[in-house]
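Structure, as C-alpha cells:
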Amino acid sequence: MILVSEQEEPLLLAELKPGRPHQFDWKSSCETWSVAFSPDGSWFAWSQGHCIVKLIPWPLEEQFIPKGFEAKSRSSKNETKGRGSPKEKTLDCGQIVWGLAFSPWPSPPSRKLWARHHPQVPDVSCLVLATGLNDGQIKIWEVQTGLLLLNLSGHQDVVRDLSFTPSGSLILVSASRDKTLRIWDLNKHGKQIQVLSGHLQWVYCCSISPDCSMLCSAAGEKSVFLWSMRSYTLIRKLEGHQSSVVSCDFSPDSALLVTASYDTNVIMWDPYTGERLRSLRHTQVDPAMDDSDVHISSLRSVCFSPEGLYLATVADDRLLRIWALELKTPIAFAPMTNGLCCTFFPHGGVIATGTRDGHVQFWTAPRVLSSLKHLCRKALRSFLTTYQVLALPIPKKMKEFLTYRTF
C-alpha cells in the first residue's frame, strides 16, 4: 500500500519564458527540446531556444515560487556555503540545442583529472553539463563556472539526446539523427570509444539503467533496442508498439523500462526478459477534440518519478498526465500547450516541462511515502535481475511482487 495524501491536480508553480527573442534567423529555433535537473537537485538546465541554454540554481528565486511551497534540494544550502551563492549562467552554444544531460558528481580521481587539464576550472566542483547540438557537435560545460571544457565531434547529424552513466565514471552516450549512438569517455579527453549501429531511423532517445548494465535507445521505429553497457552489444529488440517510439526511461531500481510512442501508448517492460507487463493508453479527455485526428494524443515524453511509483507523460493533446504505477488510468491531469519534454525533480514534488514555444513550466507532483514493501523491492531489484529473483527459494507471490507482476 502506498501512503500518499489525497491527490490533487498538478498546480503550476512557475513558468519561465525566454527573454527578448533574437532577430529572426532560419538557423535558430525557439523550442525547448530538453530540460534537466542536476542529480543533487542544485541546478536546472533549460534549452530555451535560439541556441541558448540557461543554467539556473535551484530552488528558484523566491519571486517565482508561491509562498508556502518549498522545493529546496537536500544539498543546495550546504553546497553553497563558503563559496557564495551560485549565479544563473547563459551558455551560448552557437547551434540549436536538442539534448541536455548533467553528469553525476565525479569521483575524486576525476576531479583531479579535470583540474590538471583545465587549471582555470575551480577544483571545488566538477559537475558538467553536456549539450547536443544541431550540427552533430556535443559541447561539455563546467556548471559552476560556465566554461566550455570539451567539444566532441563524430556525429553527422542532430544530437537528439544524451545520457551519462549514473556511476560517476563520466561515460556519456549520445543519440543522433545519423541513426547511431556513440559512447564517449570524458576521463580520456572525450575520446569516442564505441559507435552503436543498427537503427534504420533517427534515434530520438537514449536512457542508461541506474545499475549501469543496460542502454535503451528509441528511434523512429516500432521497436526499441536494448544494449549491454558492458560489451556494447545488442541484447534484444522490444517489439509491441504500432508507431514510432520517441521516449524511454528506466525505473530507479532498473527493474522496469517504459517506452512512449506516437501510437498513443506507453508500454511497461521487464528489460531482463523482454516481457511486456502493461500498456497505458492515452485516450482523449476533451470531447470537443476531433476523433479522426490520429495524432492528437501522440506522445512526446515519459519519465519515472524518483521513488519509482509514478510516471509523467506529455502528449500532443495539450495535457500533462501523472500515472500511478499500479493503475491503468491517470490519477491527475494538467493543461499545457505544445509540450515536448518532462522530467521530475530528483527529490520529488516537482515536474518540469518544456514547450514548443521555448517556455519551461514547473508543476506540483505527488508527494509520497513509499510502503516498506516497495522500499524492500526497490533495494533488492537494484542488484538482482529478474532471473535471479525467480531463482530465489521464496513463495511465488513474493516473486511476482518483486518482479512487478502483481498489477
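Glycine residues also receive a Cβ, built from the backbone N, Cα and C atoms like all the rest.
Lifted from TrEMBL, the feature list:
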type	residues	note
REGION	71-90	region 'Disordered'
REPEAT	129-151	repeat 'WD'
REPEAT	152-187	repeat 'WD'
REPEAT	196-237	repeat 'WD'
REPEAT	238-279	repeat 'WD'
REPEAT	292-326	repeat 'WD'
DOMAIN	371-407	domain 'SOCS box'
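Using a Cβ-Cβ cut-off under 8 Å and counting only residues 6 or more beyond its ends in the same chain, the domain 'SOCS box' (371-407) has close neighbours at 1-3, 210-211, 252-256, 268, 270, 272-273, 277-278, 307-309, 325-326. Proximity of distant same-chain residues to the repeat 'WD' (238-279), defined by a Cβ-Cβ separation under 8 Å and at least 6 residues beyond the stretch ends, is recorded for 201, 204-211, 213-214, 216-226, 295, 297-304, 306-308, 311, 313, 315, 323, 328, 377-379, 381-382, 385-387, 403-405, 407.
Mean model confidence of the repeat 'WD' (152-187) amounts to 94 (pLDDT, 0 to 100 scale).
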